[in-house]
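S.K.: Once you've had a glance at the structure underneath, I'll fire off some questions.
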């Protein structure tokens, strides 16, 4: 009995010590993989941000996961979201996310290697100038700071939870954690949800200089957007990415499960091997011939990692040398040229054609083989990038990962490929497709288009405010609108700010663009500056100042509402559709940069007024009038000349010969 008590006491002491030890060492992710620097790799977006050893964020959500079905029978909705930018030009892809009430828009880099979503905060004095204004917590009625607790790292005052992330190339991001409503755009079936995100107070390196606002973390971790939505039970434990090809940028993303195509190729993704999305690559074939490599070469360190934030692909030294030799052997007849950057020994080739569709006639196919002989076919656009200085030349987009034994597959490998991260079943699927036509090929329908207002006059309507299942308000974003006939049978268009601008189709001449903008600057301060504001807007939109007219200027609390009209220039009778599309997209995507004195702005709504359809007489009455006047003038001139000639003739005939009989005339009385 005494021995049992001693054992119990010892066990209790050991357990207590282990508990204290676990609490004193915050969890950290393993160091990020760093491929060698390269001129086109955009190093800011290469494999995941990881917590630094100092003040690393701990997990704060529940660790238990209720895995949900992600097949076609799942009753959970998904969030369809568009991808923007170009992988090789920007080094990343972004999506649009709205945070707060009312929603504030942000362009975030989709990164499967990051586990936290963050945006610049209004209080950040060490943040760069990005695509959109900083997030202003004070303007969101639904924002709440995450208060200091046992499950997170706290600030020095132990008031609020903080996060800190660093890149291996010394870029960093740090700030506080907040909770607010996140909206996913007008193509999403998933209604806005409350989620935790980072509000940046400091950023350095490439994070400071990049155009995108921040990061959307899709990796494994309690702060990940995917994990939070799965924890709430609103989506299946799956998401998909589809990157555009060499000629077409952009793409698509789905948060939640989709029905996998029957010919999708799958690879096992070990969730325990590393915090990254690792796949089981076994072989590489070039032109149908297997490279003489031991399969273990793809299993070093973190194995084969698939990362959406990396631009190119990086192989361990033995695999790269074998791959390069096989490619050079197949392209022996092509002229090899220098790369675009003399600082790097790029392997580039000059071809006779710059047509992407013709590349497969010159360059060999490459296959990646996974377990059970599942093969992913790579077309030339999946391992080549265009030479930036020589027309019709291409370079290898697969490089040696220095001495690192990890295989790192970036976005170039999966261009025009739907990649499904089926986390529930620990597998990743690949399906070659045209990402610009993804929705049609998968038979996915978007949100319904809004109907005209009951008045039938085509007036703009505000984004409706509704209530989420947890009682918090959120904003629904309407689907892409379509033109409709109003009662007077004239075309009317109305746009609501969303992640898609789809308008101005058909043979329509635009007479006016009406813009409603909300500015955070105070009304009394802005009033004497309103003329300068219109001049700045005109300059940013590349139109003449005379084309921008102020229609209305009112106050709304601490902010101001401005209604502007953009009309055709003096030399034109209408605005071109492309010009109108460019004007609205610039404002909607916050590519119009105004001086800080005017504060931040939001495009609340816009309206395009096409020219009224005229009859033949209405279009040509001036020509007819001018022709009539000319005819009258010519007629009068001819009549005048003829009259003068007649008068002259009568004058000549009035002289009579001598002795001619003259008619008698009655004498008038004196």
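Using N, Cα and C of the backbone, Cβ positions are placed for all residues, glycine too.
In TrEMBL, annotation is done automatically, which means it is predicted and not curated.
Found this in TrEMBL, in case it helps:
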SIGNAL    1-24  signal peptide
DOMAIN    93-431  domain 'Peptidase A1'
ACT_SITE  111  active site
ACT_SITE  307  active site
COMPBIAS  446-461  compositional bias 'Low complexity'
REGION    446-472  region 'Disordered'
TRANSMEM  621-642  transmembrane segment
S.K.: Cα of residue 307 (active site) to Cα of residue 111 (active site): how many Å, rounded?
M.R.: 7
S.K.: Return the count of C-beta atoms lying within 10 angstroms of the C-beta of residue 307 (active site), excluding that atom itself.
M.R.: 25
S.K.: Validating a neighbour-count step here. Other CB atoms within 10 A of the CB of residue 111 (active site): how many?
M.R.: 25
S.K.: As a test of reading the model: what is the averaged pLDDT for the domain 'Peptidase A1' (93-431)?
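M.R.: In the predicted model, the domain 'Peptidase A1' (93-431) has a mean pLDDT of 91.
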